[in-house]
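Peer 1: Not my notes, these are from TrEMBL:
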- 99: active site (ACT_SITE)
- 102: active site (ACT_SITE)
- 230, 266, 294, 337: Mg(2+) 1 binding site (BINDING)
- 266, 269, 305, 307: Mg(2+) 2 binding site (BINDING)
Ligand code: XLS
Ligand code: NI
Ligand code: NI
């Protein structure tokens, strides 16, 4: 045991009236909801980067956290992993996620970085064998180091494309070795700052070919998990090619990948794209590409990806409602892509942030399940579209514009507007919260 979380107990479910801060009020892993254990519905994951690698900087100042594992040696990387698994045990989370750069020191050469990665994969593999927590997904950090400043697969320099290929290959191998259930690609630098120096068509073509190569390699090594793209409209690049779910779907179609690649949807990214989280989930489900989520919340005033822990179960209930309607996760899960604020210095802050986030999601899931089980919303939706069940309506979609138009005169159609009942439906949502 390290000293970092000393005196913090393992968190258990104690119900809504729990008196201790260090208890779950809503997250009860074994409670069965819609025929499935809560833990299996939610599939929580901790993000290695925010909790263990982020120093607490902002655009105006540097490190605020003083963690005993900060530094570049392999010994410190192992200490970081020890602390990480202590936190996973305290929380009882089934999964974690990492970028290579979060868990291994960067080497002076690619070969040295790769040796560090392989050594840490061995170490994490041992940790996974001794603990409950397993890998939800792995990914490559192709945005922090200055070599990526003009992009990874979309870099004007083909040598950087090669470096990106080597990096993703190494991380896919690492994810396979650790039994990861998904491999994620988020392209923070796959975009541009100004069109004045950018060949947009070439960059997009290179990004598409790169993703095809990733999928080819997945099949070659027998990786059974899902390949996930994480959409985000901007930040750090001014414009990113994976703008939102619909844009990603168009991109996948263009490169013949819509059956091979799914999406990892993040609340904060949805907001930056001008959508709601639930819109992005529903869109992905309707297109057959829903994979996983990055759970967090944005500050609604700031206009950037603030990655705060969720604390609004009413809002998240709408997201979980769409996840339940989509049939729930398969390989995906609820990854807390969220960090404590830079003034939240204590070990307790790190634990309680996750406890609050997990409770918020558990409460949201329970609301969503009750909304679905009552069938009130779905009955209303079915009734609203019931007209499309008739033969005449279905025939219109088969025939041409003239046949559809002919119905108006033949049947003397004069459509009567019907209430959309929005407030009544919102009252139902409120009822289950
Ligand atoms: C950044 C992204 C990132 C991905 C993984 O905004 O959310 O953290 O989830 O690279
Ligand atoms: Ni994310
Ligand atoms: Ni993000």
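For all residues, glycine too, the Cβ spot is worked out from N, Cα and C.
Help me understand the surroundings of these features in the structure.
Peer 2: Neighbour count (other Cβ atoms within 10 Å of the Cβ, all protein chains): 21 for residue 99 (active site).
Listed in sequence order, 48, 49, 52, 53, 141 are the same-chain residues at least 6 apart in sequence whose CB falls under 8 Å from the CB of residue 102 (active site).
DSSP assigns residue 230 (Mg(2+) 1 binding site) to coil, not to a helix or a strand.
For residue 305 (Mg(2+) 2 binding site), the Cβ neighbour count at a 10 Å cut-off comes to 21, with all displayed protein chains included.
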Peer 1: Checking proximity to ligand 1 here: which recorded positions out of 102, 307, 337 have their Cβ closer than 6 Å to it?
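Peer 2: Once distances to ligand 1 are taken from each Cβ, 337 fall under 6 Å.
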Peer 1: With the Cβ atom as the reference point and anything under 6 Å counting, tell me which of the recorded positions (99, 102, 266, 269, 307, 337) are near ligand 2.
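Peer 2: Correct list: 266, 337.
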Peer 1: Around residue 266 (Mg(2+) 1 binding site), how many other C-beta atoms are within 10 angstroms of its C-beta?
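Peer 2: Total other Cβ atoms inside 10 Å, all chains included: 26.
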Peer 1: For ligand 3, list the recorded positions among 99, 102, 230 whose CB atom is within a distance below 6 Å of it, in sequence order.
Peer 2: none
